Structures are given as structure tokens and as C-alpha cells.
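Residues or ranges marked as active site, proton donor by Swiss-Prot: His264. Taken from Swiss-Prot, the feature Zn(2+) binding site applies to His78, His237, Asp241, supported by sequence analysis.
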Amino acid sequence: MLKQRTIKSIVKTVGIGVHSGRKVELTLRPAAPDTGIVFSRVDLPTPVDIPASALSIGDTRLASVLQKDGVRVSTVEHLMSACAGLGIDNLYVDVTAEEIPIMDGSAATFVFLIQSAGIEEQNAAKKFIKVTKPVEIRDGDKFARLDPYFGFRLKFTIDFRHPAVDKTGQELEVDFANTSYVREIARARTFGFAHEVEMMRELGLARGGSMDNAIVLDEYRILNNDGLRYDDEFVKHKMLDAIGDLYVIGHPLLASYTAYKSGHGLNNALLRELLAHEQAYEIVTFDDPKTAPTGFGFDAQTAFA
């Protein structure tokens, strides 16, 4: 059967919160089958566990934020994206602040952490959410949509009207049957505009943001000396975010995702819309890995790029 996965050993790192600017310690621990991805605020007098769930996402203005009983874990999308890309089903994520550290602004550090911990299969069938009917959410000209598809395919279009972004391509389509997440998506960094960063700092946000963890643009160009990691890094980062946003549903999706100018809020609304229509999806497993969609096998997802 196609099996669930966790990590083999505990791994730790330290980074800063992009909004708080404070030091955050992050520990990843193995978890038993059917645990899911569980975030734990270990800095509180009594630690609070918040399982990743589409219905636990609260604030989505600047990041995807998990909330439970007034306790928050913010900016979970890059770590969730790495878990999705490597096929990690079960994991404990201990964090000493209300923000997952931003690291380099991509998912690459989290991929490295998980790979260095080692990935192991567990004696339980991997569960997928198979979309059986189209589901769509619109907000003005923005939209996000899921269609039935035997695999996981994404098509994302951005529209930033900026000279540097225009040159790099605003549309990307990826099918993970023939694309390596680690090689093609994981290293794409978040990006922001210098004038927005200044405004956010005045509001007490983005205190940890810098060119070490983001692509920063002025009105005309990219300010980072080292340029871009991918020719189309902007749209690739939006896809990286979407993969993480969608993975909070708790299982990998078998679906085709199409989006235009979507963000954390619209992605979460799409998951809620799917879950509200029980006839639009089913939970499936694969007793024979050969019958599963290409790209979800252990070697396909966990090979070092």
C-alpha cells in the first residue's frame, strides 16, 4: 500500500519571526500514524496543541494563521508547503512564539530540515482527498478553483503590473507527476515592495523582514544583489504558498487547482467550500502503490534534489 510518512528523528532550528522580529526556536518531532501535522506552542505555561485544519485558519491577511482558544501560530504556509512537497503526513511542530520563523523566505530550509531528520514510511495507508466535483470561490476578479484530476496539478496566474515581475512570467502550470517540488518550487522566496515594508513597520509588522528572507522591489527593479533564484520566482512563490495553504486540509489533494490572483484567504475559503459539500470529495487510499497517481511515491517525493 501507499504508506503514511513521518520523520525519523527530532530536528531543531532557530530563526526570526518575519513580523515580530523576535527569535523563534522550532523543533520537528516524529508523530504516530493518523496524527496529522500538529503545531504546539511550547512557550506557554501549559503548551497548546493546534492541529493543522482548514477550519482552524483564522487570520489570512498577511499569512495563514492557525488559531485555537485565542492561541495563534502564524505563517505556517511555507512549512506546510515543505511537508506537502515531501509527502509528510504526521509531524509535531514545537514553536516558542506565535510565528513560524521565516528562515530564507522560501520552503528550502524546512525541506533541508525534514530531509536531514530522515523520512520513514509508517504502517498505515496514506489518505488522500479526491475531489469529485468542481468547487470554485470568487472575490471580484480573483478566483480559486478545484476540479477532479487523478494527481495534483496547479495553474497559477499573478498580475502585479511591475516591470521586474512582468519580465519573469506571471503564469505557471505544474503537474507533480513530472515535476520535482524540491528542485522546482521549494527555493522560491516571498517578495514585497519597499514602500509596503515601510508602511508595515509603522504598523508594528515586518520587523524581521529583510533582503535575507525576501525579494524586495522598488518601483522599477529588484533590490537584492543576488537577483532571482528562478526566472519565474514570483509566481513560483505564490504556488509554493498555495501548496501550503491547501495542505492544511489534512491530506494531499487529488485535484487540479486553478487560481488567478489568489492568496491565503481565498485558498482557505476554497477548502471550506469543498468541505461544506460532502458530495464534492471522498477520502481514498491505495492498497497497491502502482495504482496511485504518479508523483506520490516515496522515491519520487523524498529523493534529494
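Note that Cβ sites are derived from N, Cα and C of the backbone, with glycine treated the same way.
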Additional residues surrounding Zn(2+), by Cβ distance to the His78, His237, Asp241 centre under 8 Å: Glu77, Ser81, Gly105, Ser106, Ala107, Ala188, Arg189, Thr190, Lys238, Met239, Leu240, Gly244
Measuring Cα to Cα, how many Å separate His237 (Zn(2+) binding site) from His264 (active site, proton donor)? 12
CA pair His264 (active site, proton donor) / His78 (Zn(2+) binding site), Å rounded to integer, equals 12
Within 10 Å of the Cβ of His237 (Zn(2+) binding site), how many other Cβ atoms are there? 27
Which one of these recorded positions, His78, His264, has the sparsest Cβ neighbourhood, judged by other Cβ atoms within 10 angstroms? His264
Which residues of the same chain, at least 6 positions away in sequence, have a Cβ lying under 8 Å from the Cβ of Asp241 (Zn(2+) binding site)? Glu77, His78, Ser81, Thr190, Gly263, His264, Asn267
